[in-house]
Amino acid sequence: MSFNAVTSSFKVTRRRKTPLAETLQVGALAGFAAIGFALIGAYVAMDKRHVVEDTLTLSQIAFALMAIAAGYVAGRDRQGRPSGTRVVVHGAVAGLTAGLCVSALVLLMGSVSLRATLVAASPMLIKALSLGAPIGSLQALVQLPALGALLGVIGGLFAAMPSRYRRALTYGFAFVLIAGLFRDVFVSVLDNLPDLNGPDWEVFGPGGLNRGSALLLLVGGALFCLVRDRWNAQIDPARRARSSKAGLALLLVGVLVLPLVTNDFVAQVAMLVALYMLMGMGLNIELGLAGLVDLGFVAFFAVGAYTVALMCSSGPLAVADVSFWVALPVAVVLAAGAGMLFGLPVLRVRGDYLAMATLGLGEIIRVLVLSDALAPYLGGSQGIIEIDHPRIFGVSLQSPAALYYLALALAGVVAFISWRLQHARIGRAWLAMREDEDVAQALGIDPVASKLLAYTIGAAFAGAAGAVFAALVGSVYPHSFQLLVSINVLAILVIGGLGSLPGVLVGAIVLIGLPELLREFGEFRYLFYGIALVAMMHVRAEGLWPATTQTQENARA
Amino acid sequence: MSEVPRSATEPGAFSEWLRRSTWVDHVLLAIRISVAALVLVGLAGGLTAGTYSAADFVSFTMFGLTIGSIYALIALGYTMVYGILRMINFAHGDVMMIGSFAGLFAAGALNDAGLLNALPLLALPLVLAAGMAGGATMSLIIERIAYRPFLHVRSLAPLICAIGMSFVLQYAARGLFGTRNRAYPGFGWMEGTVSLFGLIVPIPQIVAFIAALIVLAGLLALVKLSPLGKAMRAVAEDRDAAALVGINVGAVIVATFAIGGAMAGVAGVLYALVFKQITVFMGFALGVKGFAAAILGGIGNLGGALLGGLVLGLAEALGPALVLEGFGLPAPYQLKDVIGYGMLVMILIFRPQGLLGERLASKRA
């Protein structure tokens, strides 16, 4: 479904305020965001994660980014071009406002106990927000607005500098942030590699980057960006295309050797990413290509998982005890059958109604599986346990790395099928139907048949993912098949880009991989998903890696 | 939509249907017949099983009417927003949750002030007002973030934004208020039961039912009689034409969201009074049920929302005892939600215009 079809001439225009009022508003928004961040408990949780050892924690960076962003937005004038004094003054005012908001929160928490209402407003939060100053002292209250103003000015200056340097700084900062956040991954890689950097110079401390290496990374990242930009400007487009192909190949190699050079935990996370890619590609056919909003997608995942569980388990509920390789096709076929069965009645419903109908179907399946009525067959809330691991040439695939390769191989097959389908006649029919069903029908596309095919194929892919999931975990429980899974997959597609295959990969890495690796993040991942969905629709509705047709359309428009 | 024969007496109607129908129509007809058969068999079995006495059924009915009136209040928000924007506010259930928590904090403050025990009948409207204010505020925020920026385009963006907002609300509330169940303090006088026409009914159910009816009557009066209601109906009819005759469409949309959110807030407070405990995750399932009620009654139709809510509430309360019991299933009340969701799916498939059908429903869907 395109994001720019105009249906009504009625359009809302924003009222313009005076520049100072807008700056104050931006500052207050940043302040409220910071207060919200603190009060949901994220500040205290993320304060434990050091990005730069003993210097900067993740939550301090988050707060600083809010102030800098406020300064950046306030520093720009209406045309988006910065001008001298405005940058400094407005940046400072915005940052100051944000800081004052947080100070007010600290003051309030110090004088009134809010804990009965807001569980996160704890003494720990006050201590963390005092930044080492004595709690309740004047210094603790004044330093936040002062820091805010300083960071706001930095944000303003950031808006004023030439875009070349802005990009370079962003790169350097991103390098530091990534290295600091994923310390464990990099450390495990460094441990597996031969000792290159010598024993007396460590890049990472016990919690995050060391100060020296952080500075080095910041400068290195910035220089890398500058050099690359210069390089890109000089060479011709053909060679640039070749170098982007080389980048893709490098990524592929990285994906292949990833579990070998890191530890089991990372391999497990990579497995989850591959699993969600499988599901993502399934929903991509339904939602991305055919435009069918399916919130009951998890039902097909459950069908696949329970099929394998029943066929491969050595527990009392098993109906057969066959190898995973026999059960896998059965699971895929059964899931596809379920898709067809569900699809037939539901597919006459359109748009928002379809979302609700599929959601209802998915919930019905979950409640049924959970109920005592079906417990003799499906185990109820006890689930099915003791599912055999798949074997290949007599070797049992048990380690996370082996299962990762299994999921990756399946994802590769499914990606190939999706890619061929997308460019086949039926793929074009789906796209046509997504854009306008009535017109597509007038052009001779059978809407029922093509929708049903999309739904069936999508369900089959989800069934394959469910089969791998059952083999991976070794047990299935109804609580693994909540609506949240469907929302996860939907979010992956939206973040990556609807209808885009590489987008599925990007979305799965961003939404599944990153929160798993950032343990402090785990509690807030769904909040993050929600914010990501909303922000994506506002900022970049076509996704991080948009489908090619979408980019072409946008270029033409 | 398939051409269903208009009257059985019309000559050749059946053969005409056979000629025009496709295999999909046949499958759908088969589904209809099998669902009807299942319900009938279950009903017969349930009636003959005799597990429950007449008094049980009466109390089930009372309970169904109570929960139904809460569904109806939620459904109003869906129906009003859908009537004007042709979009579902996916986060509406979570608006209800926020309203419920706003009521909780108001009740806590009133209880600390001793007002709740001293003047219970004054305190209840105050708590309801807090719930309304909380719900309306949250609804306005959702409108501002998820709907207003996408008003002039047709796309998936508002739906996806609203799904995102639903998650933001649930998990932000989890972080803010904690995961444990909460109960309203100081409503001790609601513990008892009263005898009404020879029936014993818990007080909260009566309070909830009456409060819901009062609020609904107020809303109907607002929409039918006030200038704002007139403007709302005009915008629902045709947004561009309404703008042409000088109606401030943006303001009407904002007012609609605010009123819908206030209704959801009332529903949240009443829910807390009847069920005695609230959690941050309760909004989702109740939101889906409210939507089912809105569809059942005919979306865009305020009276339909009331009817749909009551029918859905009764079906959920009576269904497990009447129908599922007939199949001899263990623990039929676990499957209460299957009835609610099943009705939602069935209505969406077979009668998207609902009970009090609106002609254009299928085209607008």
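Backbone N, Cα and C atoms are what each Cβ position is placed from, and that goes for glycine too.
TrEMBL entries are annotated by machine, without manual review.
Here is what TrEMBL says about this protein:
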type	residues	note
TRANSMEM	B:27-45	transmembrane segment
TRANSMEM	B:57-78	transmembrane segment
TRANSMEM	B:90-110	transmembrane segment
TRANSMEM	B:122-141	transmembrane segment
TRANSMEM	B:153-173	transmembrane segment
TRANSMEM	B:193-220	transmembrane segment
TRANSMEM	B:241-263	transmembrane segment
TRANSMEM	B:295-318	transmembrane segment
TRANSMEM	B:338-356	transmembrane segment
Recorded stretch that, among B:27-45, B:57-78, B:295-318, has the most CB pairs under 8 Å to the transmembrane segment (B:90-110): B:57-78
Stretch of maximal Cβ-Cβ contact with the transmembrane segment (B:241-263) [cut-off: under 8 Å; candidates B:57-78, B:193-220, B:295-318]: B:57-78
For the transmembrane segment (B:295-318): best-contacting stretch of B:57-78, B:122-141, B:153-173, B:193-220, by Cβ pairs under 8 Å: B:57-78
Stretch with greatest number of CB pairs under 8 Å, the transmembrane segment (B:193-220) reference, B:27-45, B:57-78, B:122-141, B:153-173 candidates: B:57-78
Contact between the transmembrane segment (B:338-356) and the transmembrane segment (B:27-45) (at least 3 Cβ pairs under 8 Å, separation 6+): yes
Same-chain residue ranges lying at least 6 outside the transmembrane segment (B:57-78) that approach it to Cβ under 8 Å: 88-89, 92-93, 95-96, 139, 199-201, 204-205, 208-209, 212-213, 215-216, 219, 259-261, 263-264, 266-267, 270-271, 274, 286-287, 289-294, 297, 299, 302, 305-306, 308-318, 321
Intrachain neighbours beyond the transmembrane segment (B:122-141), with Cβ under 8 angstroms and 6 or more residues off its ends: 77, 89, 92, 94-96, 98-103, 105-107, 110, 115-116, 169, 184, 186, 207, 211, 254, 257-266, 268-269
